[in-house]
Structures are given as structure tokens and as C-alpha cells.
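Features as listed in TrEMBL:
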| type | residues | note |
| --- | --- | --- |
| BINDING | His253, His346, His350 | Zn(2+) binding site |
| DOMAIN | 221-354 | domain 'DinB-like' |
Amino acid sequence: MSYSSERWPKWAVEEVRLAEANPKWLTIGESMISRLENQLMPYGISGFEHIGSTAIPGLPAKPIIDIMAQATSFSGLPRIVEALSAEEWKFVPPELDLRAYRRFFVKVDEDRRVAHLHLFLLGEPRYEEQLIFREALLERREWAMAYGQFKVELAERYRNDREAYTQAKGSFVEKILHEKKVKVTRQVSTDVRFPIGPYRFEGAVSEQQRTDWISDIADLPARLNVALEGLNAEQLDTPYRPDGWTVRQVTHHIADSHLNSFMRFKLALTEEQPAIRPYFEDRWALLADTAQAPLELSTTLIAALHERWVYLLRSMSDADYARTFFHPESLKVSRLDYALGNYSWHGRHHVGHITSLRDRMGW
């Protein structure tokens with residue numbers, strides 16, 4: 001999904017673009033640390049370190065200097081925010097950063113990120129993990145080159161999704177830390193694209209599982225209405241994440257997607273493994289009836305659609321659920337019981353986008 005909103009500053013939604021290694025990054029990092037030490041040591045901040053790819057000679061990187069430091073507590077944060085704001089450091093509140101273990105600042109120059117400051121509490125394991133990972137890449141050139149190539153591939157794949165790019169790098173970091181015999185600190189997923197996690201189901205589908213999934217389909221209209229209750233126009237036009245869809249678009253997308261799925265069920269029940277027609281959901285999201293239309297047009301549609309869909313689902317036999325359709329984009333053949341599970345998840349997934357945004361914003 002991609003939709004840039006003017007409600008987010010340009011630096012928050014800029015593309016992921018890597019630059020060739022620049023030897024000046026190390027000097028810039030040293031100068032930045034010196035400046036930050038002068039500004040923040042009076043507030044008990046210490047342990048400044050240049051981390052990330054710009055700290056590794058020869059690595060391609062986003063031209064953003066990452067600095068980390070340690071604090072004895074976050075109680076002095078208002079004074080730190082005030083001290084840094086004079087030099088264009090923007091504080092990213094924890095409810096938007098989604099990483100409760102740190103406090104995060106972005107230095108901005110002409111609407112572009114030029115540096116990050118990661119502030120950890122003393123004793124936070126992730127501070128040591130960052131140092132160990134940096135030193136590992138400095139010691140083992142082959143690891144550094146492999147990491148650089150991996151980043152190039154990810155940057156191409158996630159050009160317009162900075163959060164996905166960051167999440168995807170984690171697997172390489174974990175691998176290196178395991179090689180260094182470090183117990184990796186884990187946390188609840190901060191990937192706001194998947195508030196309830198990606199859809200996963202393996203093995204045979206039981207009758208009870210189908211019953212549970214049908215209940216999810218039946219309950220979705222009510223869950224969606226509760227999630228939307230009380231939101232004003234400005235809140236409805238807020239993206240659930242930088243470069244993501246707005247609450248309004250998410251709601252209309254549910255109607256579009258579930259109507260398509262309902263039709264796929266009907267086709268599969270009446271034809272032999274029909275080839276379904278894919279659609280460009282990102283382009284649909286930009287049409288006026290998705291980006292601007294009143295929510296009631298879709299919430300009413302979803303309620304009626306799901307009532308009829310559930311009527312059909314409860315009438316289907318084991319043989320019906322074993323029927324299939326072919327997806328020409330993924331080149332996969334899908335059974336209807338798997339499609340049922342997918343859409344049980346899909347509705348809860350998008351309601352999760354709305355409720356998690358409300359939680360983060362305090363709505």
C-alpha cells in the first residue's frame with residue numbers, strides 16, 4: 001500500500017535510497033558526537049557512539065548518520081527536546097516511534113533526514129547489541145559486504161516503505177549476533193503494517209476452524225463500527241502509518257476487497273478452477289470513492305455483504321470448501337477453506353490498523 005499524505009512531514013515519508021560509501025561519514029559522525037556531547041552531557045547523557053552502516057567503511061547506506069547514547073532516566077526528556085530543537089532535531093513521540101525501549105530524534109535539513117539520535121536507558125541490551133554488530137562488521141569484511149548487498153536488495157524491494165525496509169534488515173542483524181553468541185533481545189512486533197501479525201496457517205482445515213473463521217466474517221461489521229466510532233473527519237483522513245492508507249481508505253478497501261473475495265467464492269463454486277481477476281488495490285485506493293467518500297457508503301455495504309456471505313459459507317459442504325481457484329499473479333491454486341481463513345484474518349488485520357492508530361494517538 002502506498003499513499004503519501006501531507007499530514008506527515010516530507011522527511012517522515014521519504015523513499016529508501018542508498019548512497020555509495022562516503023569516507024566523510026566517519027568524520028561527520030565524530031563532529032556530530034562532539035556537538036551532542038556538549039549539548040547533552042549536562043543532562044546526564046553519555047556513551048555516544050556512531051552506529052549503523054555509515055559507521056562501516058565501504059558500505060552503501062542511506063546518507064543518515066546514526067548516533068546512540070545512554071541516559072540514566074527519561075525524566076529530563078522535555079529539557080533535552082528543547083535543547084535539540086534549536087538545531088532542527090525533531091523528537092518522534094514513542095506512540096509513533098513504536099519502540100518503547102528508546103527515545104528517538106531525527107535531525108532534519110531541507111525536509112530530509114540527515115541524522116538519527118537513539119537514546120537508550122543505561123542497561124538496555126539493545127545498546128550493547130548495536131556495538132557488537134558494528135564491531136562484527138568491522139572485524140569481518142565478508143560479513144560487511146554481505147550486509148551491504150542485502151541492503152541494496154531490500155532498498156529496491158521496499159523503496160516506498162521505510163518501516164518494512166528496517167524490519168527486513170533485522171534477520172541479518174540477528175544472524176550476526178547469534179554468530180557472536182549474543183542472546184538477541186526480542187520484543188512484540190513493531191511492524192505497524194501487521195498489527196495482528198501476517199496471515200499464517202498450515203495443515204488441514206478442521207470443521208471447527210471453519211466455524212471460527214465464519215464467526216470472524218460475521219463479526220467484522222460490528223468490530224469495524226466500534227473501531228470507527230467517534231472519529232472526526234481529520235482523524236479519518238490520518239494515515240495509520242507514514243506512507244500508509246488513511247482510516248477512510250482502509251475502510252473503503254475492506255469493502256472493495258471483501259466484495260472481490262465473495263465473487264471469487266461464487267466463481268469457484270460454479271466453475272472448475274476459474275482464473276480470478278486481480279486488481280491494483282493501491283490504484284483503487286486513490287479513486288475518489290475510496291479516498292474521499294463518506295464511510296457509511298462502505299460500512300453499510302460491508303454489513304449487507306457479510307450477512308449474505310455468511311449465509312453462503314454456512315451452506316457449504318466439505319466438498320465445496322475443497323474447490324479451488326487460480327490466481328494468475330501469484331500462480332497459485334487456492335482452496336476455498338484457505339481463502340476463508342485468509343479473509344477471516346484480513347478483516348481483523350485492517351480493523352487492527354485503525355485500533356492501533358487510535359491507541360498510539362490517544363483517540
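Along the chain as shown, the residues are counted starting at 1.
Cβ coordinates come from backbone N, Cα and C, glycine included.
Remember, predicted model here, so these are calculated numbers, not experimental data.
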Averaged pLDDT score, the domain 'DinB-like' (221-354): 96
Check: same-chain CB within 8 A of Zn(2+) site center, minus His253, His346, His350: Val250, Ile254, Ser257, His258, Gly347, His349, His353
Three-state secondary structure, His253 (Zn(2+) binding site) (per DSSP): helix
All-chain count of other Cβ atoms within 10 Å of His346 (Zn(2+) binding site): 20
Cβ atoms near His350 (Zn(2+) binding site) (within 10 Å, other residues, all chains): 24
Long-range Cβ environment of His253 (Zn(2+) binding site), under 8 Å and at least 6 residues apart: Trp245, Glu281, Trp284, Ala285, Thr290, His350
